[in-house]
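Here's the structure, in structure tokens; my notes come after.
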Amino acid sequence: MRKILAGSQIKTLDQRFIQAKGISSLELMEEAACAFVDWLMEQSDLRNRPVFIFAGKGNNGGDGMAIARLLHTIGFSVTLIATASKEDSSIDNQLNSERLPDSLQVVSSDSFDWKIPVGAIVIDALLGVGLSYPLEGRLLEIVRRINEISAIKIAVDIPTGLPADTVVAGEAVRADFTVSFQFPKLSLLFPDHAAYVGRLNFVDIGISVDFQNQLEGSKFLLEQGDIPALHLKKNDFIHKGDMGKVMLIGGSKGKVGAILLASQAALRAGSGLVYANIPADERLTCQVAFPEIMYSTELVEDLDAIGVGPGWGTTLHPEELSQLFQKYAFPMVLDADAINLMAKYPKLLHEIPANSILTPHLKEFERLVGSCDNHSIRLKKALELATTYQIIVVLKGAYTCISTPDGNQYFNTTGNKYMATAGSGDVLTGIITSFLGQGYAPVQAALVGVFHHGLAGDIAAKSKNRGLIASDIIRSIPQTFIELDID
């Protein structure tokens, strides 16, 4: 699993890799430039367009110069706009400047006429991950001009103006694409920065995951290759009792759909037996519509896992949740109105069974911990909540973050904007509850559940697009096991 390193660690990583491989920093820069160009060539709609590359004085600018040379060599029309003199630039920047062919057009930013045609490609190679202050002066003017252009803007590694680890303090390039080398920088995952990052892409520059993980870090990127190893193996002699007996609790009058979505998701994720705890007068209709689900108005004994909260209602008394904590003294999944109840009665947080999994969306989370000015603060508070109460906090959204009691945070890479639909969170509750009931350790259940939920949404979005609804996600859950080759 890839670590997400702090901006201050990236230079250290590069230096260690260079020493270990016996290569020069210039050669590593060439690898990065080649990876960027390979990515660009894979984007069929971006070929055959004029390219304008803005290069700064540091190594990000050196990347830009190497990219300019490579694109020019394969036939692109390239204009390189240099924002600093050769003498003021880094050593590798200077060396790449000397390698530029005479036939490549190079102009100073001071004399550039800014005649960039609509639909051209503008590549931002002004500043990399070393930024620790708001943009100012001439650089700020250039960034503002870039943002005014009607062109396709691509940031090299990180948009100029964004710090690597925190929230932007001033202005930054508003990229349509960001091509990040080897692993993402934390700030690229913030919803606050969506307008700057655009579509985020990662390219491999040859630094292995094992080598990256030699550096300390507690933040990780959850990717497809990580998931199979997290799954439990099932033998051919299992029966439904081995696949977990779970109950979903919620679904007050008028909101039964939420608990039915969660229950169906639990079945599709592999649960052997699923109970839905719903009002008595709703049972007959539900039984006919969804016969695989069992229905009860009572709390069932001998459960392997429970999920609480979807459609539960907002008029509940805290004792109702407290009694659940006492009756089922094992990790459980808490969502929606269960979280809202804890926000209203904070003493309940002290009663949660250890390693339980909370799955709030951003508003539910802020009801629980208070207002957060930005996502960086949210992530810190999520980690504090997880470590203080020894629970797992699944902060839902783009790049859903899973914070664990041991101080780690995992950022999911599946899912899409079309999943912002009623019931999507209920489906996630059902999936995680299912894995928990099947015997997965709580952290495993959260990681695997979040990934499968997002992947099911990605599969459904291919045919549903903006018309995607929660039931589409449920129907796509079985396909996620096939795509991941999970038996």
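Even glycines carry a Cβ here, placed using N, Cα and C.
TrEMBL labels come from automatic prediction, so no person has curated them.
Annotation comment: TrEMBL describes 10-213 as domain 'YjeF N-terminal'. What TrEMBL records for 59-63, 128-134, Asp157, Ala258, Gly311, His361, Asp426 is (6S)-NADPHX binding site. Under the heading K(+) binding site, TrEMBL lists Asn60, Asp124, Thr160. Summarising the annotation, TrEMBL assigns domain 'YjeF C-terminal' to 223-484. Here TrEMBL flags Lys396, Gly397, Ala398, Tyr399, Thr400, Gly425 as AMP binding site.
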Open item on the list: To the nearest Å, how far is the Cα of Asn60 (K(+) binding site) from the Cα of Asp157 ((6S)-NADPHX binding site)?
Closed with: 8
TODO: Sort Gly62 ((6S)-NADPHX binding site) into helix, strand or coil using the DSSP assignment.
DONE: helix
TODO: Quick one: of Val129, Ala398, which of the binding-site residues has the smallest count of other CB atoms within 10 A?
DONE: Ala398
- [ ] Measure between the Cα atoms of every pair in Lys396, Gly397, Ala398, Tyr399, Thr400, Gly425, the residues the record assigns to AMP, and report the largest value in Å, rounded to a whole number.
- [x] 14
Open item on the list: Considering Cα atoms only, can you say which of Asn59, Asp157, Thr160 is the nearest neighbour of Tyr399 (AMP binding site) among these binding-site residues?
Closed with: Asp157
Open item on the list: List every residue in the same chain as Thr400 (AMP binding site), at least 6 positions away in sequence, whose Cβ is under 8 Å from its Cβ.
Closed with: Val394, Phe411, Asn412, Gly415, Val450, Gly454
Task: Distance [Cα-Cα, Å, rounded] between Thr160 (K(+) binding site) and His361 ((6S)-NADPHX binding site) - done: 30
Task: Those binding-site residues of Asp124, Gly397, Gly425 having Cα within 10 angstroms of His361 ((6S)-NADPHX binding site) - done: Gly397, Gly425
TODO: For Asp124 (K(+) binding site), identify the closest of the binding-site residues Ser132, Gly397, Gly425, judging by Cα separation.
DONE: Ser132
TODO: For the recorded K(+) site, enumerate neighbouring residues of the same chain (Cβ within 8 Å of the Cβ centroid of Asn60, Asp124, Thr160, site residues themselves excluded), in sequence order.
DONE: Phe54, Gly56, Gly61, Gly64, Ala125, Leu126, Leu127, Gly128, Ala155, Val156, Asp157, Ile158, Pro159, Val173
